[in-house]
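A.B. asks: Pasting a structure below so you can have a look.
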Amino acid sequence: MASKQLKLVIITGMSGAGKTVAMQSLEDLGYFCVDNLPPSLLPKFWELMKESDKMDKIALVMDLRGREFFDSIEPALDELDNTNFITTKILFLEADDKVLVSRYKETRRHHPLEPNGSVLDGINAERELLSDLKGRSQLVINTSNMAPRELRERINNEFQTEDKDVFNVQLMSFGFKYGIPIDADLVFDVRFLPNPHYIDKMRPLTGLDKDVYEYVMKWPETGAFLDKLIDLLMFTLPFYKREGKTQLVIAIGCTGGQHRSVALTEYVGKAIQQKYETTISHRDMKRRKGR
């Protein structure tokens with residue numbers, strides 16, 4: 001059986017240049033991320049990853065916090081270059097001296113190479129030690145004039161998978177009586193619609209049942225609301241994606257999360273599915289039946 005091809009991104013560069021933001025961005029893109037792995041463990045780590053059938057994209061932050069970094073990084077990279085089941089890309093982050101000094105002053109941290117001395121001396125020493133590694137990097141990003149959001153957007157543009165954009169919309173119905181979902185990005189209240197709960201034969205059913213679904217959908221206000229809601233979502237979703245979000249949770253609530261919210265979540269989910277990867281769930285639909 002042929003070995004699977006693994007993707008490795010090594011995040012390195014100047015201290016204070018944004019390596020943490022880069023790692024978080026790659027994690028959002030589906031990469032398994034490891035912070036501060038000693039270079040000498042890199043080949044052994046990859047042998048373990050090769051055996052895993054769940055991981056094919058790995059991002060490693062490697063920098064001078066590992067004291068052996070400068071002695072062992074080059075041999076480790078040479079060994080990776082000779083490994084045929086790994087595609088390696090080195091991402092090097094840097095920033096101008098003035099910007100790095102300012103960032104250190106804001107955080108009141110010491111530079112790791114000059115813990116008791118001048119921050120600028122530490123920056124200069126680090127820049128010199130990293131010069132060879134910067135030269136063999138496939139992607140160098142200067143973050144001097146970048147806000148964290150802009151760096152995330154740049155990382156997304158560089159590393160998003162070619163076959164499919166990484167953006168998932170999660171549609172969730174819920175009941176207000178059980179609380180608003182804490183992970184919801186957008187919440188819509190549909191308690192203004194006629195309630196099937198007050199019709200005896202529909203009370204034990206849910207919005208997944210045909211009778212309830214058709215009852216909820218027959219009202220003019222339902223159709224008007226759905227048209228406006230879907231139009232709003234189709235307008236705003238591309239902008240959420242542009243801002244670097246890889247997941248958006250949309251919660252639609254009624255009183256108990258049984259009828260109206262379930263029916264509308266199903267309808268909206270099917271509309272969104274035509275353009276975006278979409279997951280539909282009903283948080284509170286089974287609560288009453290379970291009692």
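Each residue's number is its place along the chain shown, starting with 1.
In case you wondered, yes, glycine gets a Cβ from its N, Cα and C as well.
Under the heading ATP binding site, Swiss-Prot lists Gly13, Met14, Ser15, Gly16, Ala17, Gly18, Lys19, Thr20, citing sequence analysis as support. Marked as GTP binding site by Swiss-Prot: Asp63, Leu64, Arg65, Gly66.
Give me the structural setting of these features: burial, nearby parts and distances.
C.D. replies: Its Cβ taken as reference, Lys19 (ATP binding site) is surrounded by 22 other Cβ atoms within 10 Å in the chains shown.
Within 10 Å of the Cβ of Asp63 (GTP binding site) there are 21 other Cβ atoms, across all protein chains.
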A.B. asks: For ATP, what surrounds Gly13, Met14, Ser15, Gly16, Ala17, Gly18, Lys19, Thr20 with a Cβ no more than 8 Å from their Cβ centroid?
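C.D. replies: Surrounding the site, in chain order, are Asp63, Leu93, Glu94, Ala95, Thr143.
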A.B. asks: When neighbour density is defined as the number of other C-beta atoms within 10 angstroms of a residue's C-beta, which of the binding-site residues Ala17, Leu64 has the lowest density?
C.D. replies: Leu64
A.B. asks: Can you name the binding-site residues among Gly13, Met14, Ser15, Gly16, Thr20 whose CA is within 10 A of the CA of Asp63 (GTP binding site)?
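C.D. replies: So far as Cα distances go, the binding-site residues lying within 10 Å of Asp63 (GTP binding site) are Gly13, Met14, Ser15.
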A.B. asks: At a 10 Å cut-off from the C-beta of Gly16 (ATP binding site), count the other C-beta atoms across all protein chains.
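C.D. replies: Other Cβ atoms within 10 Å of Gly16 (ATP binding site): 24.
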A.B. asks: What is the number of other Cβ atoms found within 10 Å of the Cβ of Gly13 (ATP binding site)?
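C.D. replies: Taking all protein chains shown, Gly13 (ATP binding site) has 28 Cβ neighbours within 10 Å.
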